[in-house]
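These features come from TrEMBL:
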REGION    1-22  region 'Disordered'
TRANSMEM  27-48  transmembrane segment
TRANSMEM  60-79  transmembrane segment
TRANSMEM  114-136  transmembrane segment
TRANSMEM  156-175  transmembrane segment
TRANSMEM  187-208  transmembrane segment
TRANSMEM  214-239  transmembrane segment
TRANSMEM  260-285  transmembrane segment
TRANSMEM  305-325  transmembrane segment
TRANSMEM  337-358  transmembrane segment
TRANSMEM  378-398  transmembrane segment
TRANSMEM  410-431  transmembrane segment
TRANSMEM  437-457  transmembrane segment
Amino acid sequence: MSKLPPVVAQQPAATASPPTNSARERLLTGPILSTLLLLAWPTVAVLLAQTAVTMAEAYYVGLLGTAALAGVALVFPFYMLMVTMSGGGIGSGVASAVARAFGAGNEHDADSLLMHSIILAVFIGLAFTVAALLLGPFLYHAMGGRSEALDAALKYSNYLFLGAVPMWIVNMITASLRGSGNVKIPALITLIGAIILIPASPALIFGFGPIPAMGIAGAGTAFAIFYVTAAFFLVHYMMSGKSNLTIRKVAFEWRLIREILKVGLPAALSTVMTNLIVILITGAVGLAGTDALAAFGIASRLDYVMIPLLFGLSAAVLTMVGINIGAGNTERARKIAWTGILVGTAFVGVIGLIVAVFPMLWLQFFSTDPAVLEPAKTYLHIVAPFYAALGFGFVFGFAAQGAGHAGAPFIAMTTRMLLATSLSWLAAWYLEPQLSNIAIATAFSLVAYALISYFAMLKGVIRAS
């Protein structure tokens, strides 16, 4: 008999007769590839909609002038830290735990995990709000913010981080829904929000009719208003009985917090390391001069286009692996993991090969300066063929998290970060500080990332936790 995960094993009475649920049955017995793709596309749509909102807001803020743009740039790393920690970090822990409980038919634990994730959302969201209000002036000043730029950063940050708690609540509920196989409601909420935010943001920034012009504070206010509204509707939906998860009064249990954090904390640290890789490599590239820095910026921007697509697929893999592990279908869970990994690897691998051969397909949108384009082309010639390795490691990480094992993905990501940053800085210091040398270091780190992930799969990381 397959060993049940702890979140299930401690509630034997609740798991005796799993409820009949068509969505659950499809994830347990349906065709793997088509089910994966059907589960992935709403999340991809959500991420693309969020990207559109971010781009629109950047355009609106740009109309306020350079100081406003600089202010937003100072806040952006901390905003992204919050988004990635709640969506792909702690959110992965929530989705994994819910998926395994849901797969075992343990409705009690699935609902309890939802409530415990909301408790975490309130405390972590408050921590972000307090940190922004108390430490914001020091942090933004330390990052180079002065006079008008610092003032703009503080106005934007103060209003934006007032929405931290509802944002965390929304992301924890959507992670729970993803874990149960329900991706349509989170997608619908986000798409409606994008449709509203794109016109609402300029109305608050510049004023419209009776709405006063708030300037840069309007952009932060629009963010907070959206997440307060989204949190209200999601909580109402989860209490309505229409979802396969329900908000209800439950006893607080530390074991459920541990179940979330055993995957969520390493996943959150991995998201922090992803941002650190970019920051530290950018510092090494800076030694090669302004042209190299600009070249690296436009060439590596391709990564940020592929990540939403990979995340959509990976979130679907996490859900399907988790539900099948919870149900004791370990062999099917492994097949799901391999299918998702191969699809992700092939998808970004093909894009990488095309861009490696024809780099101007991408670079033409960002610069016409030969001094920038030549090193950018060299970078893509070297790194882009190894994007397949990025896809392999990225999807593997979510598959392992779905099974409740975050150690191997954390080791793979840590190795990638250490190799990419150390080799880049060694190349910048002891060889000529050229972008080509840093590109070789980056490619090498991606290969190591994929190899560690591959050997972890061979060792059987997809198993009951």
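Backbone N, Cα and C atoms are what each Cβ position is placed from, and that goes for glycine too.
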For the transmembrane segment (27-48), name the stretch out of 114-136, 156-175, 260-285, 305-325, 410-431 with the most CB-CB pairs under 8 Å.
305-325
Taking pairs 6 or more apart in sequence, does the count of Cβ pairs under 8 Å between the transmembrane segment (305-325) and the transmembrane segment (60-79) hit 3 or more?
no
The answer for the transmembrane segment (337-358), taking Cβ pairs under 8 Å and residues 6+ beyond its ends, is 32-33, 36, 302, 306, 309-310, 313-314, 316-317, 320-321, 380-381, 384-392, 394-396, 398-400, 402-403, 457, 462
Long-range CB partners for the transmembrane segment (156-175) (under 8 A, at least six residues beyond its ends), listed in sequence order, are 68, 71-72, 75, 78-79, 82-83, 86-87, 90-92, 94-95, 98, 114, 117-118, 120-122, 124-126, 128-129, 132-133, 136, 140, 186, 189, 216-217, 219-221, 223-228, 230-231, 234-235, 238
When you scan the chain for residues with a C-beta under 8 Å from the transmembrane segment (214-239), skipping those not six or more beyond its ends, what do you find?
57, 60-61, 64, 68, 71-72, 114, 152, 155-163, 166-167, 169-170, 173-174, 185, 189-190, 193, 196-197, 200-201, 203-207, 245-247
Outside the transmembrane segment (378-398), at least 6 residues beyond either end, the same-chain residues with a Cβ under 8 Å of its Cβ set are 92, 267, 270, 295-296, 299-300, 302-303, 306-307, 310, 313-315, 317-318, 337, 340-341, 343-349, 351-353, 355-356, 359, 362-363, 408-409, 412-413, 416, 435-436, 438-440, 442-443, 446-447, 449-450, 452-454, 456-457
